[in-house]
Structure formats: structure tokens, C-alpha cells
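Taken from Swiss-Prot as is:
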- 3-23: transmembrane segment (TRANSMEM)
- 46-66: transmembrane segment (TRANSMEM)
- 73-93: transmembrane segment (TRANSMEM)
- 100-120: transmembrane segment (TRANSMEM)
- 145-165: transmembrane segment (TRANSMEM)
- 173-193: transmembrane segment (TRANSMEM)
Amino acid sequence: MKILFDLLPVILFFVAYKIAGGNQAFAHELASRWLGDGIAVTQAPILLATAVAILATIAQIGWVWMRHRKVDTMLWISLAIIAVFGGATLFFHNPTFIKWKPTALYWLFGGTLTVSAVIFRRNLIRKMLEAQIRLPEPVWKRLNLAWAGFFILMGFLNLYVAYNFSEEAWVNFKLFGGMGLMLLFVLGQGFYLSRHIQEETT
């Protein structure tokens, strides 16, 4: 359930885009009414989907705050990035900004892991996981490096899809491609870590 909740803005973005794409005349009328004139019919689906994603992220944070009176830093970061890039897309009626949003998030994560390890000598992956698993120090370093590299590569991959494929293909990749690659990476990490956990506990 938590995974679905975390993915809610992405899922609603996808659903809104598909619904608006199947009803372009109505979507164009709605987008023009809410976001101003000068919007092309083909732009309406991505603009409405962006607005839905922003509202979903705000609602997500509101729900978490009402239940726990505390919001994770990651949610605030997600809100800031969707507000900046999504807001720019809505203001300028230009989908380029929202297409850069996943890359900005990936590179922020990858950069944070790298800078923390290289400059501050802090392994953030270890800090997050050491309460659950015990690993040799070299494995922690490789794990941190692997995640940093994964996020940086995902940022480049997002841009490649955004600039070399159709808008609809990018929207599909945003949900299914990104999440699918993340799942495969996590499974691969699990197999790799299981060997070292077994070695340490035997």
C-alpha cells in the first residue's frame, strides 16, 4: 500500500494524460478555461496531467500531515520539484519543463549520495539501511555507489526518451519504464546483498 501511495502522483498523472488524450476537445476547453488562452489542442493532455500531479502531491502531503503530524523530507523535495517544473510547464504552456522533472529528481538523489560520500564521508545508503541489515564496509561503499550511478543513469535515460520518442511514449516510460527498471535494480541488489549477508552471519 505504501508503494502505491508513494506513486500516487505518477499514477494520476498517467491516468489524467490518457483520459485527456482520449477526449482532446473537452481537455482543450478545460485547459483553456483554467490555464489561459493560447493552448494548442495537442498540449492540453500534458498540461492537465501536470496540474493533476501537482494537486495530487499537495493532497498527499496534506494526508500524511493529518495522520502523522510529520512529513518526510522526500515528500517535501518531491513537492518542491513538481511545483517548480510543473509550475513552469503550466505557466509557459511548455511540456519541456515537466519532462525534465524526473531527471532533476534522479540527479538530485544521485548527486546527494555522491557528494555525501566523497566530500562528507557519509554513506547515506548505510545510514538508511544499517538498522535492517549488516554488511562489510566495502559492500556498503559499493551499494552507495551503485545507487548513485543508477539515479544518474536514469536521469540521462529519461531525457533520451523525452527527446527521441513521442510524448505518449515518454508518459508510458515515466510510469512503467521507470518503475520497471527500479524494480529490476532493487531485485538485483537483493541478490547481490544476500550473498554478503549470508557470509557475514555464518
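Glycine too: its Cβ is placed from the backbone N, Cα and C atoms.
Residues 7, 10-11, 13-14, 102, 133, 135, 139, 143, 146, 150, 154, 157-158, 161, 165 of the same chain lie 6+ residues outside the transmembrane segment (173-193) yet bring a C-beta within less than 8 angstroms of a C-beta in it.
Away from its own ends, the transmembrane segment (145-165) comes close to residues 99-100, 102-104, 106-107, 109-111, 113-114, 117, 125, 173-174, 177-178, 181-182, 185, 189 of its chain (Cβ-Cβ under 8 Å, at least six residues beyond either end). Remote same-chain partners of the transmembrane segment (100-120), defined as residues 6 or more beyond its termini with a Cβ less than 8 Å from a stretch Cβ, comprise 77-78, 81-82, 85-86, 141, 144-145, 147-152, 154-156, 158-159, 162, 174, 178.
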